[in-house]
Amino acid sequence: MRIQSLLLLGALLAVGSQPPAAFGRKKGEKPGACPPDDGPCLLSVPDQCMEDRQCPLTRKCCYRACFRQCVPRVSVKLGSCPEDQLRCLSPMNHLCHKDADCSGKKRCCSSACGRDCRDPVRG
C-alpha cells in the first residue's frame, strides 16, 4: 500500500509541476498564437510547413493567405473574444492587429467591420 501511495504522490507532483500553458496544446505545438491572416489568396503555393515543430526557434506554422508558412508568433491574452452578431456595410477598418496593441486585459478581436479592442469573455 505504501509503494502505491508513493507512486500516486509522484504522479500528482509530476502533473502539478507542468506549466499551465502545456495543457490545451497539441504535442509539438509551440506557445503563442498565429498573427491574424488578412491577406487574400492570390496565388496558391505549396505549404512550407504542416506543424510548429518544422519551424525554427520560436516561429509557428500558420496560414498566410492560402498556404502555411513559418512566421513569428504573437502573444495572446487570457479569455476569448465575444461573438459578433453584426454585419458590416462599410469597408473593413482595423483598429488593432494583435492583443499587444490593446490596453490592459482587452483583446484584439475580429468583428464584422475589422478588428478592435474588446473586453474578453471567460473561456
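The backbone N, Cα and C atoms fix where each Cβ goes, glycine too.
What Swiss-Prot annotates here:
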SIGNAL    1-24  signal peptide
DOMAIN    27-73  domain 'WAP 1'
DISULFID  CYS34-CYS62  disulfide bond
DISULFID  CYS41-CYS66  disulfide bond
DISULFID  CYS49-CYS61  disulfide bond
DISULFID  CYS55-CYS70  disulfide bond
DOMAIN    74-121  domain 'WAP 2'
DISULFID  CYS81-CYS109  disulfide bond
DISULFID  CYS88-CYS113  disulfide bond
DISULFID  CYS96-CYS108  disulfide bond
DISULFID  CYS102-CYS117  disulfide bond
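Proximity to CYS109 (disulfide bond), judged by a C-alpha distance within 10 Å, picks out none of the disulfide-bonded residues CYS49, CYS62, CYS70.
Rounded to a whole number, the C-alpha distance linking CYS49 (disulfide bond) with CYS81 (disulfide bond) is 28 angstrom.
In the three-state DSSP assignment, the secondary structure recorded for CYS70 (disulfide bond) is strand.
Listed disulfide-bonded residues: CYS55, CYS70. The one with the lowest count of other Cβ atoms within 10 Å of its Cβ is CYS70. Classification of CYS108 (disulfide bond) by DSSP places it within a strand. In terms of Cα spacing, the disulfide-bonded residues CYS34, CYS41, CYS66, CYS88, CYS102, CYS117 all stay beyond 10 Å of CYS55 (disulfide bond). CYS96 (disulfide bond) carries neither a helix nor a strand DSSP state and counts as coil. If you take the CA of CYS108 (disulfide bond) and look 10 A around it, the disulfide-bonded residues you hit from CYS41, CYS61, CYS70, CYS81, CYS117 are CYS81, CYS117. Here the disulfide-bonded residues are CYS41, CYS62, CYS81; the one with the fewest Cβ atoms within 10 Å of its Cβ is CYS41. Classification of CYS102 (disulfide bond) by DSSP places it in coil, neither helical nor stranded. When the disulfide-bonded residues CYS34, CYS49, CYS108, CYS113 are scored by other C-beta atoms within 10 Å, CYS108 scores highest.
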